[in-house]
Amino acid sequence: MSESLQSVLIIGGSGFLGLHLIEQFYRHCPNVAITVFDVRPLPEKLSKYFTFDPSKIQFFKGDLTSDKDVSDAINQSKCDVIVHSASPMHGLPQEIYEKVNVQGTKNLLSVAQKLHVKALVYTSSAGVIFNGQDVINADETWPYPEVHMDGYNETKAAAEEAVMKANDNDQLRTVCLRPAGIFGPGDRQLVPGLRASAKLGQSKYQLGDNNNLFDWTYVGNVADAHVLAAQKILDKSTRDDISGQTFFITNDSPTYFWTLARTVWKNDGYIDKYYIKLPYPVALTLGYISEFVAKNILKKEPGITPFRVKVVCAIRYHNIAKAKKLLGYKPEVDLETGINYTLDWMNEDL
């Protein structure tokens, strides 16, 4: 551990990734003070996959766009590093993404600079480079798309650019991590969505040919990468190598897209004898029709959209050589073990 790391402030620490960030800092940096800033408190009941004591974690409830709220948390935590993992879920209105991902991040950067925080680690997304086309072994030299596919990744890219622009080796050092396809214990979006679709009888349908490799990443590995980044960005021997850089974070073992979903469904007892396969062009057409009808006639969110079809059917895997070399990152939990942990957590019924 870097001797400089004494205190970490985790923005969004009550969320899915946030709880795993607390856990990994607790495990790997036992002498580091951990503070959480979030709009919601830490959960009262935790899965067995979390060993930290919530009562030992200093907590601040606040608004990321409030100078005062952020200043209070930074001043009282006396943090060396801020880990900013707060972000709304997919599928929400654009104004929410703008407020949290863009305005909130810019406010956090401004306050951190004024209060002389040493470093900030930002949780970006591998989706910031996705334009609907195949992403094959992409590295950090790939550009942002001219037109983003969705509001979430558009604002994550804008926030990432702001974080990179704020990097100053004489003041606030910054680094961005781009995890892909996060899953694991505590997930409240991917797994619940899969379970809901199975209950509606949708597990028998397959969009695309399932020949597309996809990066699923175990959440504990993503949290490990953040701990490494926080340590490296304070270490005098490594900080110049990672300051102002972006890093893809994956399990380094892309698998066919539907593998994870069918493993979850099988655990729940949904074992389909056959699949109704919708070729990509057909699925995409249905996506456009569904989106039009839902928004213009039914006045509700569509169940299937062109964006979702493209995400499901595209090849999307990334090269993590840079993270291995400069962060010393390697996925400690393999894909099969991560899926088993997730299934075990699902059966806890928390």
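Cβ atoms here come from the backbone N, Cα and C positions, even for glycine.
So that you can see what the record holds, here are the features copied from Swiss-Prot:
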ACT_SITE  LYS156  active site, proton donor
BINDING   12-18, 63-64, 85-87, TYR152, LYS156, 179-182  NADP(+) binding site
BINDING   SER125, TYR152  substrate binding site
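Here the features listed in Swiss-Prot are placed on the structure.
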{"residue": "GLY12", "record": "NADP(+) binding site", "DSSP class": "coil"}
{"residue": "GLY18", "record": "NADP(+) binding site", "DSSP class": "helix"}
{"residue": "SER85", "record": "NADP(+) binding site", "DSSP class": "coil"}
{"residue": "SER125", "record": "substrate binding site", "DSSP class": "coil"}
{"residue": "TYR152", "record": "NADP(+) binding site", "DSSP class": "helix"}
{"residue": "ALA180", "record": "NADP(+) binding site", "DSSP class": "coil"}
Residues near TYR152 (NADP(+) binding site) in space but at least six apart in sequence (CB under 8 A): SER87, PRO88, HIS90, LEU92, TYR97, ASN101, SER125, GLY127
The residue listed as 'active site, proton donor' to ALA180 (NADP(+) binding site) - Cα separation in whole Å: 13
Around the Cβ of LYS156 (active site, proton donor), the count of other Cβ atoms that are within 10 Å: 26
Residues near GLY15 (NADP(+) binding site) in space but at least six apart in sequence (CB under 8 A): ASP38, SER85, ALA86
